[in-house]
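Engineer: Structure in structure tokens, see below.
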């Protein structure tokens, strides 16, 4: 960690000197209440990739120079800007991250791993930080682990570059997601399918809107289980065999596409009784609705007023040509006299349901003696069936990439690590995200400070504060006064 222990950091926080108490500092610089010593973290064990961006450069990262397919105009280019910068709020001097700087642009940047990751007997752990510093309207902050299927040119990294795993947050509109997608190779035909992990059961909205730095972790184990964590809390977990969409393994049998329903197949569960006879005295009872002979015209009904009248304020357009456009007539508007009256125009008796209406006679239904059930095509062996019992054996990957579109800028990424040891990832998190979390918490204004700031912006709140404070005093006074009187 940048400090030797979390305890030493807490001591610094406790001993920190607060900034002067003035409006300008409290509203704009509350992220610099205290200073802490920061040093770039160093992994404590074997890793396949780490990146802190603390050098202030994008050394080792490659910007894509290709274009996005199936798009037109300038947006085909991957020309979105990236930078290594500090956080806007709760910054720690010397702690830099990768920041997506452009809006409405395609961004693509990638870096090679120290060595390719091969799925064998050790788990995969991927972890990194994200901060939506300005919130997020529509855009993603996910990463792609680029497959080692062909010679990989990072300058040609684009949306269709083969990847093994895609992981991370994504949002558009009110749809908040945490992706875990892996590409699975069909062992029969050799094609790849995307398998999506089931959505987390928790509400993800706060992680996109609170402008805090959050830690995203994916763990995929050789026993074909996975976990997704945010801030070291599990938000989603399951099995690669059972909890992905579409299902990993296809069904053993499928419906025969050549099988056709016989013409004589009877799917009617009930049929009209062929022996039923319409009664001789059946009376349809007349129409469904009849005039209500008991109705009375409402008082004040305007018989001689039309529902619509010409707009007296309408004016003939200056460019109107009677020869070409015909005789001009003013627009028709609802009659204003009808707004306050119960009705206008000729009054007619309202219609009501005819109590004698029975309708057209129909024979009752009976169970169909020839009913054969709902027809289904017969089952045949699935020619593309396979059973992969170890989907963890994915395609090895040799690079990490971010290929993103966003309508909001200043999305902050930091402290990537790819390893196989959970303890290594946890120590890395303690030295990086843990430091940010403690500093951000220490910089949170106290309740009293928040109330004072709010009152400075909205002076009327002072009245509410005074009334709230006076209420318990008044209640105590009434209590003791009533006892004294008694």
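Each residue, glycine too, has its Cβ placed from N, Cα and C.
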Engineer: For the region 'Disordered' entry in TrEMBL, name the matching range from 157-199, 200-242, 243-285.
Structural biologist: 243-285
Engineer: Which residues, given as numbers and ranges, are at least 6 beyond the ends of the compositional bias 'Basic and acidic residues' (252-271) yet have a Cβ under 8 Å from it?
Structural biologist: 365-368, 370-382, 385
Engineer: Please give me the CB contact count at 10 A for residue 172 (disulfide bond), counting all chains in the structure.
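Structural biologist: Excluding its own Cβ, the number within 10 Å is 14.
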Engineer: What does the DSSP secondary structure composition of the region 'Disordered' (243-285) look like, as residue counts for helix, strand and coil?
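Structural biologist: Computed counts for the region 'Disordered' (243-285) are 0 helix, 8 strand, 35 coil.
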